[in-house]
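Here is the structure we will look at, set down as structure tokens.
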């Protein structure tokens, strides 16, 4: 059977690092308060000339280099983002052009922090359906540009960046020992749409708007929703937490990550944490974390890896793959 296998990975971050101490000069907060509640110590902030498209392009080129491929080898680009360069055309098309591609097709996917999980699952469907052999899946965000820098409950949380995977068609036996994507579990519940949102848009206010969040409500639902889809991914593949080599969660908040791992009895040593350095980069957080852990040798060929995320909507999901 056809499996969708990870061929390469890459990441890109803005030049500017903003520490918690710098944020102390913007809003009434402290490094101690931020670290204690979120685990975040710094984040990267896009500067002049740095956009979702430029960061996405850089991550894409890094992933292609890692895979030993060129843009000519790619059939499809899927960009997960909530901060596109323009309302339209899709920022994925902009990245396609930046890569010098005039073949194939490209589109954006918007599921906020769950975007990369949704995009990987979608790439898998295109590959297994025979519409693409190689897909460039990118998560890229410039959340700093939709933050209300007077709102200390949100502006301390988010950062900018991009990560990418090259996923290609391969052969498998149809067992959990196969390399590639083994299962995807995706969910959404729009009754929670007002708990994490941006208060503007072209069809309503005609403005970009700012991010608004009911933090306690998000936290209240996060662990349960995340553990539910992870358990369903294990059930679908006949695997367990003991079989897992790495959990690569959406890097939103260390307390949510720790709570999910504890509820699932996953060893903390198996959890990839980058929220301390990157903050919450929304759809970029999982591919950034994958790039860090694969680059430093933690994630190796044959490892069983769980990706999971929850975002505005609410949206949430998990992908279980063998690296």
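Our numbering is plain: 1 for the first residue shown, then up by one each step along the chain.
From the backbone N, Cα and C atoms, a Cβ is placed for every residue, glycine too.
Looking at 251-255, 256-260, 261-265, the range annotated in Swiss-Prot as region 'ACP-binding' turns out to be 251-255. According to DSSP, residue 250 (active site) sits in a coil region rather than a helix or strand. Residue 280 (active site) falls within a strand when secondary structure is assigned with DSSP. Around the Cβ of residue 280 (active site), a 10 Å sphere holds 23 further Cβ atoms from the protein chains shown. Here the region 'ACP-binding' (251-255) has long-range neighbours at 37-40, 113, 157, 219, 222, 273-276, 278-281, 285-286, 288-289, 310, meaning same-chain residues at least 6 beyond its ends whose C-beta is under 8 angstroms from one of its own. Within 10 Å of the C-beta of residue 250 (active site) we count 33 further C-beta atoms, all protein chains included. Remark: residue 113 (active site) has 250, 252, 280, 282, 283, 285, 309, 310, 311, 312, 315 as non-local neighbours, by Cβ distance under 8 Å and separation of at least 6 in sequence.
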